[in-house]
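Per TrEMBL, these features apply:
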- B:58-284: domain 'Radical SAM core' (DOMAIN)
- B:73, B:77, B:80: [4Fe-4S] cluster binding site (BINDING)
- B:116, B:209, B:279: [2Fe-2S] cluster binding site (BINDING)
């Protein structure tokens, strides 16, 4: 999962081009699933399970931790 | 001038009192442990590990947890991203029964003996209890004999009895912090209401799982107070969490607990609770990293949550299982818990 080329930060929901998202990246790499859609910044419905997660945007569909 | 009486070193006292006799430290002693200088942490952890091995044995209990109902909670627990009272990015979600069965299977496949079903609620309503009942049935129908615990908030006596009848063997309900600090953390219900649920759970014959979160602005004295309050409850298990400052919560800007402070807490809680299952729970990844997790496992911890948490992610389960192998710590088998 990468937020580098995304329009919006999946941790804080702000524009990826504005501000410093290093702390957001750290959280996403360690303990947080994506919370905001990278395409539209909508809050996603996230389900975490012991072995993975799914995150669903009402407009852009579902992403998962499955590789 | 009279010389001051020589103060007995708290770790020397703990060796005789806790290690030899199995009597937990009192509040003043726990505070002394929490105030130990950094150069005594290694001694503390070594003693805590001896205490754990002496009174609990070498096995580590492995557990997985899953959120059945996420977000939208009416309570205002200031640490929690699932409260509906704060502008947290966590949205409401329900896990369906097939998803619950898969989560239980994933957990069982790690070698875990415990699977805890959690819901972000003040207390369960009929719909939630029905979902739990159907979920437990489906997990059993899947051929999964893992022990099932629940964490569904505050209960009535009728609900306690219903959970026993469903086969829930352990109930988690955290007191979260010291009684004196609780009103700063939660205002929508009281510490005493939580205590009442725990009392009913114990009297009904379920195992009591009750812990809390370190790093919510409590003083060291309150941390010590919390340890002995937990000890007075005589819980079967204490999950020890370290605050994850989640966005949108009142604690989002609180600092992450420093590793040495967290290790002191681990050792101190073990010395206050020599016979209890002491579980590494949420926040250890941020607080400790990989090295600190090993130090904790060698400092009194004898249980871990593997895989992800409720809304946050944990380390991959295999990473923790490999750590236990490296540490030569056997995983408690299901046969030992029945």
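For all residues, glycine too, the Cβ spot is worked out from N, Cα and C.
Just so you know, TrEMBL annotations are computer predictions that nobody has curated.
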Task: Restricting to the same chain and to sequence separations of six or more, state which residues have a Cβ under 8 Å from that of residue B:73 ([4Fe-4S] cluster binding site).
output: B:80, B:82, B:83, B:84, B:120, B:121, B:122
Query: DSSP three-state call for residue B:77 ([4Fe-4S] cluster binding site): helix, strand or coil?
result: coil
- prompt: Hey, for the [4Fe-4S] cluster site built from B:73, B:77, B:80, who else sits with CB inside 8 A of the CB center?
  reply: B:75, B:76, B:79, B:81, B:82, B:83, B:120, B:186
List of residues, in chain order, with Cβ under 8 A from that of residue B:116 ([2Fe-2S] cluster binding site) and at least 6 apart: B:63, B:64, B:65, B:66, B:148, B:149, B:150, B:151, B:170, B:172, B:209
Message: Neighbours of the [2Fe-2S] cluster site B:116, B:209, B:279: Cβ within 8 Å of the Cβ centroid, same chain, sequence order.
response: B:63, B:65, B:114, B:149, B:151, B:170, B:172, B:211, B:237, B:239, B:277, B:281, B:303, B:305
Euclidean distance between Cα atoms of residue B:279 ([2Fe-2S] cluster binding site) and residue B:77 ([4Fe-4S] cluster binding site), Å: 21
Local Cβ density at residue B:279 ([2Fe-2S] cluster binding site) - other Cβ atoms counted within 10 Å: 22
